[in-house]
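Student: Straight out of TrEMBL:
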DOMAIN    A:6-184  domain 'Guanylate kinase-like'
BINDING   A:Gly13, A:Pro14, A:Ala15, A:Gly16, A:Val17, A:Gly18, A:Lys19, A:Gly20  ATP binding site
Protein chains: 2
Amino acid sequence: MKREKGLLIVLSGPAGVGKGTVCGALRKQDTAIEYSVSATTRKPRAGEEHGVNYFFKSREEFKEMIQNDALLEWAEYVGNFYGTPIDYVRETIDAGRDIILEIEVQGAQKVRKAFPEGVFIFLAPPSLKELRDRIVGRGTETEDIINERMHVAKEEIDLMRMYDYVVENDEVELAVERIKAIVTAEHCRRERLKYQELVEVKK
Amino acid sequence: MKREKGLLIVLSGPAGVGKGTVCGALRKQDTAIEYSVSATTRKPRAGEEHGVNYFFKSREEFKEMIQNDALLEWAEYVGNFYGTPIDYVRETIDAGRDIILEIEVQGAQKVRKAFPEGVFIFLAPPSLKELRDRIVGRGTETEDIINERMHVAKEEIDLMRMYDYVVENDEVELAVERIKAIVTAEHCRRERLKYQELVEVKK
């Protein structure tokens with residue numbers, strides 16, 4: 001029973017929920033999952049490497065990628081463009097390897113349209129209250145900004161309905177174990193398997 | 001985010017694939033999964049305990065259970081009745097605990113009708129050829145019996161289409177790990193979660 005393609009795994013969730021932390025912890029483990037590298041127009045920070053942390057692009061290069069449909073999804077955030085180059089994603093899953101994308105919920109919706117067969121995981125706070133606590137906990141925001149963020153978070157949580165899985169980020173290690181279990185389980189999903197060869201009995 | 005109910009997990013597959021071995025290996029592990037005990041009219045074998053291995057019933061008692069809809073599924077096999085008492089299954093999942101049923105494919109179809117929300121796992125041989133080798137390997141069967149069994153196995157594998165997952169029983173330990181991953185993943189499935197409480201923001 002061979003698989004034709006690898007899994008496209010999309011890890012998303014509201015801002016502040018800990019997507020980066022969970023994805024970072026997953027990367028430290030010895031899994032066969034590949035990680036998508038985003039393209040961005042923002043300047044590299046100290047220690048960031050082109051092709052590892054990001055593909056650093058000029059605005060002109062980025063706009064060209066948009067026009068050439070070279071991006072699976074993209075968004076502008078705080079004046080900079082961020083996007084997922086489609087080539088590496090396609091090459092990886094076509095080679096039968098799994099790839100994970102850690103992206104914002106708006107981007108995840110676009111990816112869902114292009115890859116309905118993807119595995120969409122929503123990383124959720126244990127409760128909105130806790131999300132609020134985390135946002136407030138940064139201690140640097142005014143009440144107005146906190147309320148605005150809560151409003152955005154509520155909208156993002158409404159988007160949960162388009163996801164296949166909801167993983168609570170109560171503890172990073174638990175969230176990582178759940179994501180690994182989802183990947184294992186998805187490889188066993190009947191509709192992903194080529195089982196025709198099993199049914200064809202040799203006479 | 002609370003779950004209302006536990007999962008009903010059905011482990012099934014063709015005769016000779018190793019359902020009992022895999023389920024036994026799973027039971028030895030420290031999981032929170034409960035195990036359904038079947039009712040049967042066959043006589044207890046040495047060491048078998050009522051309520052542990054089986055609920056041992058007379059034919060009259062068994063027929064009464066059938067008439068009272070007390071069985072989730074039942075079948076006659078080599079002159080004896082076997083069935084799954086529905087009460088313990090319902091009580092367990094209503095209490096929020098997971099329960100696993102190890103049953104034949106015909107029984108699994110009946111359970112699917114009663115519990116469409118169940119998690120249906122088909123335990124498959126790595127290939128039909130290997131299933132054939134295992135059947136032949138017993139060394140006690142005539143060619144006709146082997147061919148008949150292969151025919152039955154082919155039909156059972158056709159039934160795979162009604163399952164949610166196909167777990168290859170290439171190695172018992174690997175099959176057990178896959179089943180555990182499926183249970184973890186199913187608990188994260190979005191449609192199983194009560195996330196309304198997350199969406200209701202307190203003003």
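Positions of Cβ are set from backbone N, Cα and C atoms, glycine also.
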Student: Within the domain 'Guanylate kinase-like' (A:6-184) only, compute the mean pLDDT.
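Tutor: Per the prediction, mean pLDDT sits at 89 for the domain 'Guanylate kinase-like' (A:6-184).
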Student: Could you find out if DSSP has A:Gly18 (ATP binding site) as helix, strand or coil?
Tutor: coil
Student: Taking the center of the Cβ atoms of A:Gly13, A:Pro14, A:Ala15, A:Gly16, A:Val17, A:Gly18, A:Lys19, A:Gly20 at the recorded ATP site, which other residues in this chain have a Cβ no more than 8 Å from that point?
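Tutor: After dropping the recorded site residues, what remains is A:Leu123, A:Asn169.
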Student: Of A:Gly13, A:Gly16, A:Gly18, A:Gly20, the binding-site residues given in the record, which has the fewest other CB atoms within 10 A of its CB?
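Tutor: Among the binding-site residues A:Gly13, A:Gly16, A:Gly18, A:Gly20, the lowest count of other Cβ atoms within 10 Å belongs to A:Gly20.
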Student: If you draw a 10 Å sphere on the Cβ of A:Val17 (ATP binding site), how many other Cβ atoms land inside?
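Tutor: There are 24 such Cβ atoms around A:Val17 (ATP binding site).
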Student: Might you list, by sequence position, any residue in that chain lying six or more from A:Lys19 (ATP binding site) with a Cβ less than 8 Å away from its Cβ?
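Tutor: Looking at Cβ-Cβ distances below 8 Å from A:Lys19 (ATP binding site), excluding near sequence neighbours, one finds A:Leu11, A:Ser12, A:Gly13, A:Glu102, A:Leu123.
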Student: By the count of other Cβ atoms within 10 Å, pick out the sparsest of the binding-site residues A:Pro14, A:Ala15.
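Tutor: Selected from the binding-site residues A:Pro14, A:Ala15 on minimum Cβ neighbours within 10 Å: A:Ala15.
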